[in-house]
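Colleague: Please read through the structure below; I'll follow up with questions.
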Amino acid sequence: MAAVGSGGSNAAAGPGAVSAGSLEPGTASAAHRRLKYISLAVLVVQNASLILSIRYARTLPGDRFFATTAVVMAEVLKGLTCLLLLFAQKRGNVKHLALFLHEAVLVQYVDTLKLAVPSLIYTLQNNLQYVAISNMPAATFQVTYQLKILTTALFSVLMLNRSLSRLQWASLLLLFTGVAIVQAQQAGGGGPRPLDQNPGAGLAAVVASCLSSGFAGVYFEKILKGSSGSVWLRNLQLGLFGTALGLVGLWWAEGTAVARRGFFFGYTPAVWGVVLNQAFGGLLVAVVVKYADNILKGFATSLSIVLSTVASIRLFGFHVDPLFALGAGLVIGAVYLYSLPRGTAKAIASTSASASASTSGPCTHQQPPGQPPPPKLSSHRADLSTEPFLPKSVLVK
């Protein structure tokens, strides 16, 4: 079953509908390019806005909301949204929806239970992000959180036997160096620091969040290889587990305080903005990510770091010194280099070899006249088929 916004047949389209295959090449190319730009904007805004909104909501004067309740509310809203989308896919037929959910969730309970582990980790990760962002500037968190690329790569090598290119290993080393510089600047930076913030706790939380993100993402990919479930079904199943596990975490960590002050204690429009961003932002990204290749996603991450830094200067009085600029620059460069597909590196190497050969003698591999140029290398990797299943709203991609 095709997910809404995730492709599918055009057979149900009206007589005036135009299929992608009937478009002129130039029109189709322009439409695809426009979709890529829209995807880039969505990825950048979602990446930066969630972190900035959490930081803003957690540093406002007055009563502070319970982060565990925000995590639960985001899971509830995400699950309800996916349920409505599945209802729309069944053309509003309640009976068909009930039969479908009974088959997909209860009858195939083994597949459903497989999602309990990543859902538990994602729920823990969401709570850790609140702890981290509450104890370090948004820009510092955005840079440090890119360690999830390192942890994901390491878990991919260990759990999926995936190999990395030399360029990717070099970019991971560059990434770690950049994060270390930023954290050194954070630890030794001058200036007043709010008394209720603990940079050490923030760093521990973000490192734990990156470890959980890397493991959960790779584990999720491993168990869903060959799965036929749609984006919305998988996110609904994750939402069910996430809500239940989030309530357990709420009871364990802040149960007494929530019982005394109320579930929605400290909720303001800013807090609701955070909850809605977590719930709906990732679902939106799950739709547009099919138009974004690795390079575009790496570029979006780099732009979101820049946007978070600029916004932090304006909103929170964040000071950018040369050490932070150096570390952030290394991280941005590392993210971009890591996102380059292997074919690009090989193409660059072959281009360099051809250039050197042309200086020493005639080229023996010239393109014959009248023949079309060779096809361009694809920037998609083979393991991207499971990425739309990832709950982007909670991963701050």
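Glycine is no exception: its Cβ is also placed from the backbone N, Cα and C atoms.
Heads up, here are the entries from Swiss-Prot:
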| type | residues | note |
| --- | --- | --- |
| COMPBIAS | 9-21 | compositional bias 'Low complexity' |
| REGION | 1-21 | region 'Disordered' |
| REGION | 355-397 | region 'Disordered' |
| TRANSMEM | 3-23 | transmembrane segment |
| TRANSMEM | 37-57 | transmembrane segment |
| TRANSMEM | 65-85 | transmembrane segment |
| TRANSMEM | 97-117 | transmembrane segment |
| TRANSMEM | 140-160 | transmembrane segment |
| TRANSMEM | 169-189 | transmembrane segment |
| TRANSMEM | 200-220 | transmembrane segment |
| TRANSMEM | 238-258 | transmembrane segment |
| TRANSMEM | 269-289 | transmembrane segment |
| TRANSMEM | 315-335 | transmembrane segment |
Colleague: At a C-beta cut-off of under 8 Å, are there same-chain residues at least 6 beyond the transmembrane segment (37-57) that contact it? List them, or none.
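Modeller: Residues 65, 129-130, 133-134, 137-138, 141-142, 145, 268, 270-271, 273-274, 277-278, 281-282, 284-285, 288-289, 291-292, 296-297, 299-301, 303-304, 307-308, 311-312, 315-316, 392, 396-397.
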Colleague: The transmembrane segment (65-85) and the transmembrane segment (315-335): do they have three or more Cβ pairs under 8 Å, with pairs 6 or more apart in sequence?
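Modeller: Between the transmembrane segment (65-85) and the transmembrane segment (315-335), which are separate recorded stretches, there is no contact, as judged by 3 or more close Cβ pairs.
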Colleague: Where among 65-85, 140-160, 169-189, 200-220, 238-258 do we find the most Cβ pairs under 8 Å to the transmembrane segment (269-289)?
Modeller: 65-85
Colleague: Do the transmembrane segment (200-220) and the transmembrane segment (140-160) share at least 3 Cβ pairs under 8 Å, sequence separation 6 or more?
Modeller: yes
Colleague: What stretch of 140-160, 169-189, 238-258 shows the most Cβ pairs under 8 Å to the transmembrane segment (65-85)?
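Modeller: Result: 238-258.
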Colleague: In the same chain, which residue numbers or ranges, 6 or more beyond the ends of the transmembrane segment (169-189), come under 8 angstroms Cβ to Cβ?
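Modeller: Distal contacts: 136-137, 140, 143-144, 146-147, 149-150, 153, 199, 203, 319, 321, 323-324, 326-331, 333-335, 337-338.
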